[in-house]
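According to TrEMBL:
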DOMAIN    1-27  domain 'SPX'
TRANSMEM  129-150  transmembrane segment
TRANSMEM  162-185  transmembrane segment
TRANSMEM  197-214  transmembrane segment
TRANSMEM  220-238  transmembrane segment
TRANSMEM  259-281  transmembrane segment
TRANSMEM  293-311  transmembrane segment
REGION    350-374  region 'Disordered'
COMPBIAS  353-370  compositional bias 'Acidic residues'
TRANSMEM  395-420  transmembrane segment
TRANSMEM  426-446  transmembrane segment
TRANSMEM  458-478  transmembrane segment
TRANSMEM  490-507  transmembrane segment
TRANSMEM  552-576  transmembrane segment
Amino acid sequence: MNAIGLRKILKKFDKRFRYRFTDYYVKSRANHPYSQLQQVFKHVGLGAVVGAVSRNLHELQDCQGSYLSIYDPPALPLQDPVVDSIKAAVDRLTHSTNFLNFMAQHALIMQEELPAPAEEQIDEERYHYVSLLLNLANTFLYMVNTYIIVPTADNYSMSLGAAATVCGIVIGAMAVAQVFSSVYFSAWSNRSYFRPLVFSSIVLFVGNAMYALAYDLNSLTMLLLGRLFCGFGSARAVNRRYISDCVPLKIRMQASAGFVSASALGMACGPALAGILQINFKIYKLTFNAMTLPGWVMAVAWLVYLIWLWFSFKEPSRDVEENNSPHASDSETAEKNTLEKGLKQPLLITSEEQQEDDEDAEADGSEEVSQESCRPATSIASAYRLLTPSVKVQLLIYFMLKYAMEILLSESSVVTTYYFSWSTSTVAVFLACLGLTVLPVNIVVGSYISNMFEDRQILLASEIMVCVGILLSFHVIIPYSVPQYVCSGLIMFVSAEVLEGVNLSLLSRVMSSRLSRGTYNGGLLSTEAGTIARVIADATITMAGFLGQSQLLNITLLPSLLICVISIAATCFTYNSLY
């Protein structure tokens with residue numbers, strides 16, 4: 001009763017404040033030693049109550065006495081709707097308040113309120129474990145594909161007669177194509193998951209083969225076309241939609257955290273793999289060296305993945321999804337609501353309780369959102385109109401951190417070669433170490449720091465630390481040293497990782513529920529913001545190269561500093577509206 005009552009009160013706050021106050025309230029008090037909310041989380045006592053209720057109902061059903069203890073399992077376990085509702089009430093409060101939630105929101109896979117048992121059964125029918133693994137493998141391979149060329153892109157550009165800073169265009173070509181591929185893959189996932197993944201694998205296989213062949217053809221155009229093809233094969237929107245639509249809610253957090261972990265692992269493995277592929281040989285007219293092997297290795301990896309996908313992926317039933325879509329008829333919605341309320345009626349009802357239940361039913365009915373307000377956005381413009389000022393500020397923050405991180409990663413090979421004469425292997429180790437910090441940082445933030453400070457406090461502090469890292473990266477008067485570059489880069493990267501997790505956690509709470517489904521969803525908006533930031537950052541590196549490598553570092557850091565200062569000012573301006 002306490003859990004149900006508290007949940008209803010918090011729902012009213014959610015409706016009045018127009019944001020997920022429940023998430024903030026439970027998260028900030030669930031693990032606090034002085035919080036009275038802990039009394040609601042007494043699972044031991046609740047389990048004893050559920051056991052007693054289940055045993056007594058079982059005896060009444062069989063019309064025979066039983067002298068067994070409540071701790072002895074019954075011969076035929078009874079699943080009464082009332083018992084299910086008790087468990088569901090506590091699950092609604094305790095759901096998603098730990099590190100797993102922080103990791104899952106890092107993926108910005110929009111979460112909705114716990115579904116009815118019938119909807120959860122539909123999710124179970126659509127869920128296929130191997131298909132989920134294939135989506136996570138696609139995420140991992142794509143991130144490896146993105147970062148495997150970073151340590152050698154400058155040398156590859158110079159071998160084709162271009163300047164070293166053309167590596168910005170080579171790396172950014174993939175992001176340019178991803179701006180468009182995210183939209184059509186998101187729309188395609190409304191009808192199928194299997195066909196987009198097959199198309200993605202084929203395009204990525206072709207793109208990597210073109211990237212590798214560009215060396216023997218001595219064609220910079222072929223090199224850029226290969227990277228564009230790789231970007232057109234970005235199926236991250238499909239991976240997100242599969243987890244959001246086809247994975248049962250009880251393991252959706254684990255799947256979302258797996259999505260983030262696969263991305264982080266791919267980000268670390270890409271440069272590390274490039275550092276290993278330092279061999280040189282030739283077969284017929286095909287050259288295999290440190291510059292072409294990343295393309296050949298990824299082409300083979302995508303071919304193997306395509307074969308696994310073809311024989312193992314199970315396409316979810318689309319008719320089940322249509323029946324469970326937000327466009328269901330009003331009569332079906334009313335029938336489902338009536339059934340759910342009927343199942344949760346107490347076993348014994350007095351006249352006073354009946355009157356209170358009627359009042360609760362009227363209150364719940366007033367909270368039902370109209371069908372029109374639940375429909376997803378139908379275009380980028382309509383999705384943009386759903387964004388509040390605080391959401392726009394958080395998208396700006398996301399743009400800033402992606403821009404700063406892309407500048408750091410993409411120009412690392414050129415900068416370190418110019419200042420420190422680092423080899424490709426040394427650059428690869430440096431980038432791999434940066435990627436390996438992602439998961440430990442998220443563990444610390446999700447398990448400890450987020451329980452001690454409000455998210456908006458962590459957000460502002462992380463932005464300031466990113467700004468500090470950018471300032472320390474400038475080459476002003478004193479000779480540029482390895483400790484200065486490594487320490488400033490580490491501060492900037494780790495702070496940006498903390499900022500990304502907290503920012504997306506806030507974004508998933510305050511973003512409109514209409515952006516939790518459909519083609520133009522919250523995940524697509526954040527992906528587009530981050531991808532556009534990467535495109536602009538890579539273009540900045542190439543344009544700054546015309547001023548000479550000696551000016552590259554400071555010129556590319558200036559826009560990062562400017563955007564960071566603007567985002568800090570915007571955060572301070574909207575600080576009170578961030579929760």
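Here the Cβ of each residue, glycine as well, is placed from N, Cα and C on the backbone.
DSSP assignment over the domain 'SPX' (1-27) gives 23 helix, 0 strand, 4 coil.
Residues 134-135, 138, 141-142, 145, 149, 156, 160, 185, 220, 222-223, 225-235, 238, 286, 292-296, 298-299, 302-303, 305-306, 309-310, 313 of the same chain sit 6 or more residues outside the transmembrane segment (197-214) yet have a Cβ under 8 Å from a Cβ within it. Cβ atoms under 8 Å from those of the transmembrane segment (426-446) belong to residues 98-103, 106, 147, 150-151, 260-261, 264-265, 267-272, 274-276, 409, 412-413, 416-417, 458, 486, 489-490, 493-494, 497-498, 501-502 of the same chain, restricted to positions at least 6 beyond its ends. The recorded stretches the transmembrane segment (129-150) and the transmembrane segment (552-576) do not share 3+ CB pairs below 8 A when only pairs 6 or more apart in sequence are counted, and are therefore not in contact. Contact between the transmembrane segment (490-507) and the transmembrane segment (395-420) is supported: at least 3 Cβ pairs lie under 8 Å, counting only residues 6 or more apart in sequence.
552-576 is the stretch from 293-311, 395-420, 552-576 with the greatest number of Cβ pairs below 8 Å to the transmembrane segment (458-478).
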